[in-house]
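As recorded in TrEMBL, the features of this protein are as follows:
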DOMAIN    74-340  domain 'Orn/DAP/Arg decarboxylase 2 C-terminal'
BINDING   E248, D284  substrate binding site
Amino acid sequence: MKELESLHFDPAAVPTPCYIVDEARLRRNLELLQMVQQRSGAKILLAQKAFSMYRTYPMIRKYLAGSTASGLYEAKLAREEMGGEVHIYSPAYKPEEFDEILRISDHIVFNSCAQWKRYRDQVQACSRKISCGLRINPEYAETETDLYNPCFTGSRLGTTLANLEEDALEGLDGLHFHTMCEQNSDTLERTLRVVEEKFGKYLSRMQWVNFGGGHHITRPDYDVELLIRLCQDFAEKYHVQVYLEPGEAVALHAGYLVTQVLDFVHNGLDIAIVDASAACHMPDVLEMPYRPEILGAGQPGELAYTYRLGAPTCLAGDVIGDYSFAAPLQIGDRLVFCDMAIYSMVKNNTFNGMPLPAILLAHADGRVETVRQFGYADFKMRL
Ligand SMILES: *Cc1c(COP(=O)(O)O)cnc(C)c1O
């Protein structure tokens, strides 16, 4: 059973559905990441793709060196709301967007030698100092799901050793790899061995190496000491600045999604319909797939009353999971899904005309701030 944790908000007092981020939990993650930066010498960036709730950026900026973007819009958001270093990586840049990218980015990472050659003159003609790098594909990843494996056969992400044109490295300051997903530092250690084996001769000509994201640093069983040692050793050996750009680890277990029970159906088992949707509000539940935890709920059959939780959408598979509760659910009951800060509000959608969840921030002092609420206009305006 998922133990009830001490919440900095009252689930009965918030609108549903809503995402609610817990400031104290976010800060705890940031403090750990700051300690890693200080001891390892690595700089840590927020990968905004996982978490872009910019209301919290001023706080994040106090702890991290900056952020990284998957494209122009995230880079603009970073420049406007976070400051610090703005890094960008995209598998391919659009000519129409590149001037603006040049105005706001500090590091630009290219996916291929061809992309770098296409934009090199523009970068070098720019009056701001921009540091450029190449994403490499070491063709080594320990991720089992292809959806999340940048090294699967036929991947478009990064340049393999065979495709690396040595003369194209002229003018590049850094190398970038991103091959991990929710992994511990032992995976990084094995990955670094492959990177060194394959790309070792290029590393010492670089000023920086970016180890990407997927480092689950703030998970309780994460081996932080090994990460620190790996970063230190690598920086020393090649005389480079090491960067890490975790997304998940920044806001891991720092947010919730609160929903309420709308109705019940019985069809071979008890089914509760709630006002949240896996497809719309927590798409990773279906994509990954995984079963999110609910505070105070157990595995099916673990507690006395088991229900399947489904959304008020027409998608048959819009089922969040099966859960058990100590008491029968009642209409209006609030359910609190855990670990919903990451890859949730950045991925949501209004399929079926579903309302977007409000975004709230629970401050450490108990004050609950409504950051944003959505309505019909937000649905209509995108269509
Ligand atoms: C997704 C991604 C990240 C962040 O990954 P997390 O698993 O959220 O830590 C960082 N860098 C790149 C290039 C990514 O694609």
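Placed from the backbone N, Cα and C atoms, the Cβ positions cover glycine too.
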Fill in the blank from the handout: The mean pLDDT across the domain 'Orn/DAP/Arg decarboxylase 2 C-terminal' (74-340) is 97
Fill in the blank from the handout: Across E248, D284, listed as binding-site residues, the smallest other-CB tally within 10 A is for D284
